[in-house]
Amino acid sequence: MILRSTAVTRANSAFLRMEERVDFKYDGVNNESKERKGGHGIPKVSMVPLVFLIFYEVSGGPFGIEDSVKAAGPLLAIVGFLLFALIWSIPEVLITAEMGTMFPENGGYVVWVSSALGPFWGFQQGWAKWLSGVIDNALYPVLFLDYVKSSVPALGGGLPRTFAVLILTVALTYMNYRGLTIVGWVAVFLGVFSLLPFFVMGLIAIPHIEPSRWFEMDLDNVNWGLYLNTLFWNLNYWDSISTLAGEVENPKRTLPRALSYALVLVVGGYLYPLITCTAALPVVRESWTDGYFSDIAKILGGFWLHSWIQAAAALSNMGNFVTEMSSDSYQLLGMAERGMLPEFFAKRSRYGTPLIGILFSAFGVVLLSWMSFQEIIAAENYLYCFGMILEFIAFIKLRMTHPSTSRPFRIPLGTVGSVLMIVPPTILIVVVMALASFKVMAVSVLAVLVGFALQPALVYMEKKRWLRFSVREDLPDLLESSSGAAQDDTTPLVV
């Protein structure tokens with residue numbers, strides 16, 4: 001990887017002066033000569049692994065969706081996942097497809113926001129999203145141990161549990177160190193293994209289905225906070241894959257298609273077990289908590305199906321962990337390649353992986369593993385919402401200020417249509433943030449304020465030459481305008 005030395009202030013001004021340019025092209029990034037191998041000589045991620053990387057960034061399977069039935073009953077749970085997919089997931093998928101192909105580099109959404117709003121807000125986007133991802137990742141080793149403690153009671157608490165969390169974190173961190181292509185194919189295996197038992201359980205449930213059970217609803221007894229957080233947590237993070245765009249084979253064509261296939265896989269993976277299982281057995285809402293699908297499997301199919309789903313749930317958490325760590329660590333690498341973080345974050349291991357980013361992310365996971373499940377979900381949702389607001393603003397501003405810039409995939413809406421598309425998810429963001437507890441709100445706001453202080457502190461450190469910052473040489477120089485009109489090489493979302 002070739003870096004060109006530059007001051008942070010100059011690197012940052014490249015983003016600020018973007019308004020002066022007409023178009024830019026990624027001639028040095030992901031071109032045909034590098035289609036299958038990156039500049040570091042490591043094979044790039046192809047379509048199938050990419051679909052399952054997105055699947056695990058967002059979902060990992062229907063584990064954890066049981067709380068939606070507990071909170072609101074079967075009808076609102078089913079309708080909720082359909083409605084949220086429509087008003088939240090589809091707009092986020094479309095924006096990720098357009099912006100991710102417009103900026104096919106590892107900075108992802110950090111570059112989007114920096115290009116539209118300047119380096120300060122780009123850094124805040126990176127800080128909030130990275131912190132949200134690390135908080136999210138702290139959950140998965142804990143959930144894995146929750147599934148296996150019934151077989152190994154010693155892992156229920158105390159020092160054995162603490163050591164187990166550390167061992168799991170180290171082992172999965174090493175997998176990330178060995179390469180993104182390994183993580184991608186592991187995600188394929190885990191995804192198939194995790195979804196297959198639910199397909200089998202649904203087939204077994206069909207003869208027992210009573211459609212009237214789908215329509216059970218009690219609006220006077222709905223836990224709206226739990227309901228909305230469960231839906232939101234299970235249907236967000238579509239944009240996380242953008243931080244890996246520089247590692248994807250032909251991202252301008254592959255990324256939009258992979259997002260569309262993953263959308264079908266994720267939403268179908270939620271609705272299929274909800275529809276079959278809520279109608280196959282009488283619904284006792286209090287029983288619908290994390291892990292209840294394994295109890296239903298035991299009733300419908302026996303101990304073998306129960307064990308399969310428990311094993312799938314445990315391994316699915318591992319898939320969530322490795323894919324989340326990949327996006328978090330490559331985000332830090334992408335920020336360093338744009339001169340927004342110290343140069344050492346841009347160093348790659350011999351396997352082409354961002355070693356320092358992986359270590360930082362793993363350290364954050366260990367520090368935050370003490371948080372409870374509900375605190376983790378609420379805190380990551382709050383920080384994630386902050387980042388999404390910046391993404392929406394950046395998307396609209398770039399549509400207005402750079403309408404002719406090349407977008408290999410373009411949402412088939414004008415500026416007004418694009419604004420109308422993001423109104424429902426923006427309202428949802430406001431509601432989710434308003435429902436947060438005072439503790440979660442205070443901690444999240446404090447975390448955001450840390451980011452406000454951190455970015456100017458890094459600029460000061462660079463001016464004093466305490467740290468070295470560089471910009472990767474083959475990235476487009478956003479300081480200069482390209483000649484000629486933008487190409488209209490748009491790609492449909494689904495082939």
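Backbone N, Cα and C define each Cβ position, glycine as well.
Annotated features, as they stand in TrEMBL:
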TRANSMEM  45-65  transmembrane segment
TRANSMEM  71-95  transmembrane segment
TRANSMEM  107-124  transmembrane segment
TRANSMEM  159-177  transmembrane segment
TRANSMEM  183-206  transmembrane segment
TRANSMEM  261-284  transmembrane segment
TRANSMEM  355-373  transmembrane segment
TRANSMEM  379-399  transmembrane segment
TRANSMEM  411-435  transmembrane segment
TRANSMEM  441-460  transmembrane segment
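With a cut-off of 8 Å on Cβ pairs spaced 6 or more residues apart, the transmembrane segment (261-284) and the transmembrane segment (379-399) reach fewer than 3 such pairs and are scored as not touching.
Same-chain residues lying 6+ beyond the ends of the transmembrane segment (379-399) with a Cβ under 8 Å from its Cβ atoms: 92, 95, 98-99, 102, 109, 112-113, 115-117, 121, 124-125, 128-129, 131-133, 135-136, 229, 232-233, 236-237, 239, 371, 405, 415, 418-419, 422, 425-426, 429, 432-433, 436, 440-441, 443-444, 447-448. Tertiary proximity for the transmembrane segment (441-460) is limited to same-chain residues at least six positions away from its ends with a CB under 8 Å from its CB atoms, namely 8-9, 12, 119-120, 123-124, 127-128, 131, 340-342, 379, 382-383, 386, 433, 467.
Among the recorded stretches 71-95, 107-124, 159-177, the one sharing the largest number of Cβ pairs closer than 8 Å with the transmembrane segment (183-206) is 159-177. At the 8 Å Cβ threshold, with sequence separation of at least 6, the transmembrane segment (411-435) comes into contact with the transmembrane segment (71-95) through 3 or more pairs. For the transmembrane segment (71-95), the list of distant contacts is 58, 65, 213-218, 222-224, 226-227, 230-232, 234-236, 238-239, 259-260, 263, 266-267, 270-271, 274-275, 278-279, 283, 285, 388, 391-392, 395, 411, 421-422, 424-425, 428, 493: same-chain residues at least six beyond its ends, Cβ to Cβ under 8 Å.
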